[in-house]
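The block underneath contains the structure these notes are about, expressed in structure tokens.
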Amino acid sequence: MQLALNRADYLQVGVTSQKTMKLLPASKHRATQKVVVGDQDGVVLCFGMKKGEAGAVFKTLPGQKIARLELGGILNTPQEKIFIAAGSEIKGFTKRGKQFLSFETNLTESIKAMYVSGSDLFLSASYIYNHYCDCKDQHYYLSGDKINDVICLPVDKVPRITPILACQDRVLRVLQGSNVMYEIEVPGPPTVLALHNGNGGDSGEDLVFGTLDGKLGLIQITASKPVHKWEIRNDKKRGGILCMDSFDIVGDGVKDLLVGRDDGMVEVYSFDNANEPVLRFDQMLSESVTSIQGGCVGKDGYDEIVVSTYSGWITGLTTEPTHKENGPGEELKINQEMQNKISSLRSELEHLQYKVLQERENYQQSSQSSKAKSTVPSFSINDKFTLNKDDASYSLILEVQTAIDNVLIQSDVPIDLLDVDKNSAVVSFSSCDSEFNENFLLATYRCQANTTRLELKVRSIEGQYGTLQAYVTPRIQPKTCQVRQYHIRPLSLHQRTHFIHHDRPMNTLTLTGQFSFAEIHSWVVFCLPDVPEKPPAGESVTFCFQNTFLDTQLESVYRKGQGIFKSDNISTISILKDVLSKEATKRKINLNISYEINEVSVKHTLKLIHPKLEYQLLLAKKVQLIDALKELQVHEGNTNFLIPEYRCILEDADHLQEEYKKQPAHLERLYGMITDLFIDKFKFKGTNVKSKVPLLLEILDSYDQNALVSFFDSA
């Protein structure tokens, strides 16, 4: 059964954060529901639809940015009390807008996530989790990495209070009181948690998670261990997941899973007889979906999916048909309604245009007066810079509350800009003189009208580190610009992992000296992504990483006065040695550096590079043959005379050229890695072999794995 939903835009509020819009419970089955939303201006708005118009039930005055909005109430009764988290304060409102709670939590950081269950309140700031009961402090936990979301299993089904934290280090932490009961590794940094079916399923223990890299999964949280039930990979390379809800939009009596992503994609998953999720519906909106709810808002009897977007649009995807079969009288009535609506919209538009002219004149006068202060218009940017494990590239996503005019990208380190299919902006490159002004990349993206979201992809080179800057200019008057900075780290292609192969040939770097735990932690933060800014609790820490490009591994164990780093790639150890000694020198700290090099690790790394290099060389050869084969095809009139291998190249020509175009520097990158490996191997022996690099490149051009290994051994 195909699901058909029609879009209806209800109204626009200010910029919204993740999970800040809810539908209040309906008075009777399939009756229209009120929508309550909190924005970053601190305004809580509750509205309902009547005759196609949005009418406010209540609206609060502006205040601190609202980070979360949840519904609560006495257990097993309609959840119609509204709770908001703003700064370090929790406020509660009735469905009529009367404030009944103002609770200052005394948290040192702003609240990032909240969950309400009866008289229990579960809160988390960046690293701190707190559990309150009737506003009295119950439990506390300091997490080793940032907490993105918090939830609790339903206490009416599960006899124990079981909070779960979604943490940035790809771990769900299941708590009991103030202690971790157990940890669950998930396939990406979890951004959002939801109870399966809205109630945790039959057992109350089923939990759905969504990740930053767009994966979904269901885990049963039992008292002793987790049970992984299903997982959906993000094969279509869609955006990260920001919100989820359970609602029977298909109408088959089984609740569907509604998903909102940060690239604007709305998805509906139904469940088959084996309780496996099946994608039933998807629709792309132009900006990220911050909240999603299933219910009935526009008209009695018509179910819909209601979403809020980053710039504050409240939009419905409704089952109500846009065209109805009516008699002649009914059609006339509808036409009259439409005419009235159009005329009221025209008058509203004229009023707004007049208001804009007035405000523009006021602005000109105030900015030209002698007492004028700076009146640069402010605008909100939602940005994200994340490493993609699948293709070892970084995604830079820039989302602005108004249309983007252009974005200038500047980098003081060599990076490649990769093609993004979703990107419709026109890119132009400026020539750079890296010797004098340290610019390795200058690119301008000119956006089409009404583009509010821009996605770029960059790939860095390990060992070369610095800053990538984005200058964002929106289409507003007077012209203004905001700059965002992103650190390209020395080991930028490494990603946190929780498993390491100890049977690999490892090289070891050991540092000792008069440095504190906080100092060596700050050096590791500088070198590697995915490391929490604050030093973890305890006297020592172990972090494991995997190179997303080569699959080599790194284990770092450090404490006050000592750091031990092990990797199966000599180049990783070499980069760490150079950067850490440079950072220590800056702070005038004497380091004692020792290392153990495992010769076998060089062959091991070359073996990991081999399939990638062989594939790229073969791809380059195939692409070089395409033009010649096409000429032969035109000359002969068919391809019957060609051997099957050449026929396949012609059939796949478009795909091969597209793939080759997407990887402009892939081969050079692999050559660079092998060259670095060669130089680093002999650098640790105290030999400079840079003069032999041209000979190495000749061997790579006529690549043979055995010849390459022999060259490494004999040099």
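Positions of Cβ are set from backbone N, Cα and C atoms, glycine also.
Not measured: the values here are computed from a predicted model.
In the predicted structure, the domain 'BBS7 beta-propeller' (21-319) carries a mean pLDDT of 92. Per TrEMBL, domain 'BBS7 beta-propeller' is recorded for 21-319.
For 335-362, the entry in TrEMBL reads coiled coil. Long-range neighbours of the coiled coil (335-362) within the same chain, counting only residues 6 or more positions beyond its ends whose Cβ lies under 8 Å from a Cβ of the stretch, are 52, 477.
The DSSP breakdown of the domain 'BBS7 GAE' (377-486) into helical (H, G, I), extended (E, B) and coil residues amounts to 4 helix, 60 strand, 46 coil. The domain 'BBS7 GAE' annotation in TrEMBL covers 377-486.
Positions annotated as domain 'BBS7 platform' by TrEMBL: 494-596.
If you look up TrEMBL, you'll see 599-712 marked as domain 'BBS7 helical hairpin'.
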- Note on the structure: Across the domain 'BBS7 platform' (494-596), DSSP yields 28 helix, 38 strand, 37 coil
- Please list, for the domain 'BBS7 helical hairpin' (599-712), how many residues fall into helix, strand and coil according to DSSP. 93 helix, 0 strand, 21 coil
